[in-house]
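*Asks:* Let me give you the structure first, and then I'll get to my questions.
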Amino acid sequence: MHAYRTHTCGALRASDTGASVRVSGWIHRKRDHGGLVFIDLRDHYGLTQLVLHPETPGFDVVERLRAESVIKIDGEVVARDAAAVNPNLPTGEIEIRVSAVEVLSEAAELPLPVFGEPDYPEEIRLKHRYLDLRRETLHKNIVLRSRVIQSIRSRMFAQGFNEFQTPILTASSPEGARDFLVPSRLHPGKFYALPQAPQQFKQLLMVSGFDRYFQIAPCFRDEDLRADRSLEFYQLDVEMSFVTQEDVFAAIEPVMHGVFEEFSAGKPVSPIDGVHTFTNDFGATLEHRGFERLTYAQSMAWYGSDKPDLRNPIKMQDVSEHFRDGGFGLFAKILGADPKNRVWAIPAPTGGSRAFCDRMNSWAQGEGQPGLGYAFFSKDQNGWGGPIAKNLGEGFQPIADQLGLTHDDAVFFVAGDPAVFAKFAGLARTRVGTELKLVDEEQFKFCWIVDFPMFEWNEDEKKVDFSHNPFSMPQGGLEALETQDPLTIRAYQYDIVCNGYELCSGAIRNHKPEIMLKAFEVAGYGAEVVEEQFGGMLNAFRYGAPPHGGLAPGIDRIVMLLAEQVAIREVIAFPLNQQGQDLLMNAPAEAQDRQYKELYIRSAPPIKV
């Protein structure tokens, strides 16, 4: 017989009745019933009920053991009485009548209970993560993560991709966040950087003659934390040679759709076999297969976000023309003050009551806004009520017609420069959808966001800057960079969004040195700066670079959505807290004087004033 087990705690069934077995595991729960002791023994695979009689050797020892002590038992599998069968357990038809027991490890008093999974402060959970990970929900999340990564790998290999590893110790590069620096002992005063992404290396692999690359890549970014962001994370890093944007979409859509369909527990996933029509920012209507597509401009105008939750059916509309000639003086004044200003409407299906409108108005004020203009259908007056409808009178009906409002609806308005209010309008749309229970939470709704602006205005530095990935190919190439207003140039950049979360970003790369240098020049970087920071890749492009592109879905966010969690810490085995601390290993920690000397550095903590 094996030293510790013949079966796992999730393996035994009614067909095993009469068998002599050995199992080992943790005491999940212990109950004393009139002299008999019942134990739910747990391991990675499940639970099995044990029965100990007073005459069982070791009975007295087991009686005093705490929960989470580890034991090994020998015994006979017996059928439970019909009244004691637990249909919720795979092992619920049997129990083990214990004949011998050995304590393998005795547990001290627990700082964090495992059974029952009560809510506990995150600080305690992270400090005792080894106990937290024994809890069923978190344990399943980590197993799910493993299975998702395995599924992704299989799907990538099936499409002809090769998995390569890229360096962890590399050079610093401006990727949009601060680097984690690693001092070099062999080169005093110099530092490595941990990769924010394997961006340059995966492009260099394409220049090196490889074609379809992927890896499950660790990435490190010293940035402010939030529920869906961590200082260290993993991404499915992908790059392909001789591809267009459409080729990249066609390669990754089956992977994303397949993984979500495999692990969605029956929830519908956006199909990829249907045909969609898509109108770009220049008015061209195109047909395509796969996930729905929105341009960045459309996404901001309709949803107030570049990562819209399309489970929410509300689509905002521009209703500026209804207010230009007066009727509601405040909006007319705002529109007349600047040609960029607009009035957006946020329909609220079934929200037609003053109480709901007042509640939304109070919420807006809590968000630091003066309030929300609104109108609603008043059943008492059998007509449209609210200050805006009252001022417009019959002039409100064309707005209702444009928005498709019915006699159960309301509508909210925001006015000003969309660049300023779009984010708040998006929050208001989300709030309306949530309050009115319009969001179908039992589905995974995907879309592509395409045609991102190549550049944006940096108000702090009063200059044009890259809006996203600086290595993207501008639409129109060198001619666009030389002749167009930089703020009108689109890039071949794209994101995948699911249920309001950005799951990945990607781009067709700028593989021509002259276009790359010009793009950086537009953003205020001289050729010498580009050569210094990106010389390795730039020089490689001078020796023949294929057109290439890629993207990088975030593993943590994918698993977070599939596990129905709201924080990625719930799908990471040993995460940092929101202050970037590892409470289990006590990191970050001060280094020893010897280590500072070996690295030729000194620590100068900030002076508190």
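Just so it is clear, glycine is given a Cβ too, placed from its N, Cα and C backbone atoms.
From Swiss-Prot, here are the annotated features:
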BINDING   Glu175, Arg221, His468, Arg509  L-aspartate binding site
BINDING   Arg221, Asp222, Glu223, Glu502, Gly554, Ile555, Asp556, Arg557  ATP binding site
REGION    199-202  region 'Aspartate'
SITE      His33  site 'Important for tRNA non-discrimination'
*Asks:* Considering only the recorded positions His33, Arg221, Arg509, which residue has the minimal Cα-Cα separation from Asp556 (ATP binding site)?
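*Replies:* Going through His33, Arg221, Arg509 one by one, the closest to Asp556 (ATP binding site) is Arg221.
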*Asks:* Using the structure shown, find which entry in His33, Arg221, His468, Arg509, Arg557 (the recorded positions) has the sparsest Cβ neighbourhood within 10 Å.
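*Replies:* The recorded positions His33, Arg221, His468, Arg509, Arg557 were compared, and His33 has the fewest Cβ atoms within 10 Å.
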*Asks:* Quick check: of the recorded positions listed here (His33, His468, Arg509), which one has the Cα closest to that of Glu223 (ATP binding site)?
*Replies:* His468
*Asks:* Between C-alpha atoms, which of these recorded positions comes nearest to Asp222 (ATP binding site): His33, His468, Arg509?
*Replies:* His468
*Asks:* Let's check the environment of Asp556 (ATP binding site): how many other CB atoms sit within 10 Å of its CB?
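*Replies:* I count 22 other Cβ atoms within 10 Å of it.
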*Asks:* I'd like to confirm something. Which of the recorded positions, His33, Arg221, His468, Arg509, has a Cα closest to the Cα of Gly554 (ATP binding site)?
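*Replies:* Closest by Cα: Arg221.
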*Asks:* Go through Glu223, Glu502, our binding-site residues, and report the one whose Cβ sees the most other Cβ atoms within 10 Å.
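*Replies:* Max Cβ neighbours within 10 Å, all protein chains included: Glu502.
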*Asks:* Round to a whole number and give the Cα-to-Cα distance in Å for the pair Ile555 (ATP binding site) and Arg221 (L-aspartate binding site).
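*Replies:* Approximately 15 Å lies between the Cα of Ile555 (ATP binding site) and that of Arg221 (L-aspartate binding site).
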*Asks:* Of His33, Glu502, Arg557, which is closest to His468 (L-aspartate binding site) if I measure between C-alpha atoms? They're all recorded positions.
*Replies:* Glu502
